[in-house]
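**Student:** The structure that follows is given in the form of structure tokens.
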Amino acid sequence: MSKFKSLLLLFGSLIVLSGCSNVEVLNPKGPVASDSKFLIIYSIIFMLVIIAAVLIMFALFLYKYRLHKTDESGKMHHNALIETIWFIIPVIIVIALAIPTVKSLYMYEETPEKQDDPLVVYATSAGYKWFFSYPEEKVETVNHLTIPKDRPVVFKLQSMDMMTSFWIPQLGGQK
């Protein structure tokens, strides 16, 4: 087998096997994570449609304007309509991606209404570990978070050494 075929087989296998893992972001356990999942899938589908359209146009232009034996070259130097389209289409794409994203972000930035007595969890980072302390239960865990269903949770964040980012993929959001 040639070296090229071996590399092609290797990278093809990597691409196929990369889909075998469980992506925690796409397994939501709360409303914020559900909206994040929607935004991820919406963006991926939107981008795939754009890529497909570009590749189809690329193939059509390759076929239509393939090399001929004539010396005739394109004589187009300026076309206001095409330049306007080249400007408007990306703006429409950005707006179509921005509207659901901004709506989702502003919806969850508001403080929720007071509900039951929230469970307070102290999350402390130390190096590459997280300590979760539950004062009500007098329990502390390392790198394992357990929260009750249908009860609000308040996280009190602190760090022992370096700045870290607190993110629970299945709940969405990052602080």
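Here the Cβ of each residue, glycine as well, is placed from N, Cα and C on the backbone.
In case it helps, TrEMBL gives these features for our protein:
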- 17-112: domain 'Cytochrome oxidase subunit II transmembrane region profile' (DOMAIN)
- 38-63: transmembrane segment (TRANSMEM)
- 84-108: transmembrane segment (TRANSMEM)
- 116-175: domain 'Cytochrome oxidase subunit II copper A binding' (DOMAIN)
**Student:** Which residues of the same chain, at least 6 past either end of the transmembrane segment (38-63), have a Cβ under 8 Å from a Cβ in it?
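**Tutor:** Sequence-distant neighbours of the transmembrane segment (38-63): 25-26, 93, 96-97, 100-101, 104.
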**Student:** Please list, for the domain 'Cytochrome oxidase subunit II transmembrane region profile' (17-112), how many residues fall into helix, strand and coil according to DSSP.
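**Tutor:** Helix, strand and coil residues of the domain 'Cytochrome oxidase subunit II transmembrane region profile' (17-112) number 71 helix, 0 strand, 25 coil.
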**Student:** Helix, strand, coil residue numbers for the domain 'Cytochrome oxidase subunit II copper A binding' (116-175) per DSSP?
**Tutor:** 0 helix, 27 strand, 33 coil
